[in-house]
């Protein structure tokens with residue numbers, strides 16, 4: 001809208017010939033979104049209309065508000081026009097109210113991404129610079145995934161703790177990744193995506209530095225757990241940014257494209273890791289250490305570009321007026337966007353918004369519940385050990401405390417109630433919990449199993465491991481194309497879950513004499529094909545069923561519950577492996593003096609004994625007996641996600657960012673894609689999430705808030 005027309009509107013609506021007409025803050029917010037007026041015009045009008053007078057609502061007295069200038073740029077803090085007159089006119093009263101309510105409660109990180117998209121839209125240099133920078137991050141992440149799994153097996157074996165470390169690290173990583181993702185998502189929303197990138201880069205580099213220099217088992221495990229937080233953060237923030245800037249019809253394809261480097265790194269990675277681990281002694285420490293250099297070089301360009309774009313957005317007046325609860329508090333308290341809070345007050349507010357108490361309780365409870373599965377085999381008396389029993393009891397008690405805190409204590413809980421009541425999200429969680437549970441039941445020791453039963457070179461073994469990631473990437477891209485063409489996802493997801501069930505069945509069969517090359521390769525292909533179709537379905541469905549404000553939270557919560565499934569699966573696998581492998585070795589004729597050595601390191605079984613050696617064959621038979629219950633359980637439990645997939649809704653994937661707000665990626669409303677206007681939506685079909693009124697504060701929550709204030 002031209003400046004002259006804006007001025008005409010503001011003078012016509014905000015003032016009369018007789019003088020200023022009082023307007024309230026709520027009316028100001030509604031006017032801003034309905035008329036697409038920049039904040040400076042509205043703030044000036046609001047100040048003039050209410051100066052020395054009263055508002056038209058409830059006789060509340062308002063102090064004049066001045067359009068302060070941005071601290072960094074010196075320009076007025078103009079905000080985003082997100083809804084033009086034609087779109088506003090086409091909306092019903094309820095739609096308009098929901099729209100205004102959504103905008104008032106949208107957090108800063110979300111508003112910044114919508115503003116950045118509007119800035120990028122007119123600047124091809126920034127657009128392509130961001131794409132290239134994000135591609136560099138994706139390359140780093142995929143190169144990591146193509147190599148570090150081999151380094152980890154050799155690193156664990158070098159300490160003589162192969163069986164224990166793999167299970168312990170997998171379980172601990174799953175827990176830390178699960179609980180860190182909601183925290184990282186909160187950082188993305190409360191602050192910005194680039195701030196989250198900077199934070200996780202520190203974890204990533206520090207973790208790998210510890211691993212590369214680790215003198216002991218404890219240091220190795222600690223470094224891997226810290227670096228896993230960084231890995232998870234890189235993956236999460238990249239997914240959030242991609243989801244931020246992609247409409248539903250492209251969401252699956254663009255998300256799958258973030259893994260596209262696996263198409264070639266799956267074959268390049270083993271050529272990098274193979275010589276390092278084949279060296280005598282293995283150079284696995286160098287393999288981890290190289291990422292301390294690679295990661296900062298790849299991540300920092302994207303951070304710098306997003307900071308530049310945010311600054312440009314502020315100068316252009318693209319940050320939404322009152323778009324976050326934080327900005328609204330500043331306006332209401334001081335009539336300015338300049339933060340006058342003390343540092344202690346800021347830290348207290350961030351702690352509340354990120355629910356640090358809830359995150360701590362959840363982390364502690366999961367550690368106490370799942371880690372005993374890996375520790376019991378090393379404890380005196382095993383499961384009868386008092387320490388193991390105490391850990392389990394305390395874990396469940398603290399888990400109950402976490403639930404009570406989330407229901408009655410937390411003002412902004414991790415488990416967002418709107419999301420938890422979402423039927424689509426509930427089904428997506430059910431699918432992913434059992435999907436990842438069955439996945440880790442099979443995969444925790446699968447690469448070690450193949451390493452021992454086949455006499456492949458280290459490079460060919462690496463190729464085989466990466467067939468899964470290559471297949472997930474290739475089939476994921478194909479699934480994204482199909483979703484773009486068909487605009488639906490449910491039937492493809494059900495097909496994928498069926499194929500994955502078959503793949504787990506083939507893995508169960510392909511043991512012993514049946515473990516030929518063709519059968520083992522088909523296991524990887526079938527599971528990759530089925531997994532890719534399932535993953536894109538749950539991602540797109542869960543993201544489509546929530547407003548943009550909840551996007552980061554739904555991605556993080558889905559990952560949290562998925563990692564819960566992974567934790568359970570790896571904990572069970574570790575308990576079965578530790579509890580049966582040595583007994584099976586003894587029963588299969590392995591000399592007693594060799595059992596601990598062969599159990600603690602896959603290298604010893606492979607390098608010291610040829611494939612036809614009787615000791616090697618005894619070890620292989622013990623491996624086959626150990627993995628049988630794991631593969632059988634994975635096959636049976638794979639039926640559960642298939643049944644849940646049958647009940648998933650089948651949203652139409654169009655140009656809108658989600659099915660709640662029906663807005664595009666820039667926050668502008670998309671006409672003709674509401675539930676009643678979808679070209680292929682059945683009458684009455686609608687997303688299962690609706691905006692719910694804010695819950696009144698409970699007595700317990702008020703007590704907590706009063707205590708914090710004191």
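Heads up, the Cβ atoms here are built off N, Cα and C, so glycines get one too.
Looking at the stretches 97-118, 163-184, 229-250, 251-272, the one that TrEMBL records under the feature transmembrane segment is 163-184. It is 196-222, from the ranges 61-87, 196-222, 655-681, that TrEMBL records as transmembrane segment. Range 519-542 is the one annotated as transmembrane segment, of 495-518, 519-542, 591-614 (source: TrEMBL).
The stretch that TrEMBL tags with transmembrane segment, taken from the ranges 24-45, 288-309, 310-331, is 288-309.
Looking at 288-309, 388-408, 554-578, 627-648, the range that has the most CB pairs within less than 8 A of the transmembrane segment (420-441) turns out to be 554-578.
Under 8 Å from some Cβ of the transmembrane segment (163-184) lie the Cβ atoms of residues 152-153, 155-156, 196, 199-200, 217, 220-221, 224-225, 228-229, 231-233, 236-237, 354-356, 359, 362-363, 366-367, 370-371, 373-375, 377-378, 414, 440, 444-445, 448, 553, 555-557, 559-564, 566-567, 570-571, 573-575, 577-578, 581, 599-600, all in the same chain and six or more residues away from its ends. For the transmembrane segment (554-578), same-chain residues at least 6 beyond its ends with a Cβ under 8 Å from one of its own Cβ atoms are 163-164, 166-168, 170-171, 174-175, 177-179, 181-182, 184-185, 232, 236, 239-240, 243, 366, 370-371, 373-374, 376-378, 414-416, 419, 425, 428-429, 432-441, 444-445, 538-539, 542-543, 545-546, 626, 629-630, 633. By number of Cβ pairs under 8 Å, the transmembrane segment (196-222) is matched best by 288-309 from the list 126-143, 288-309, 356-376.
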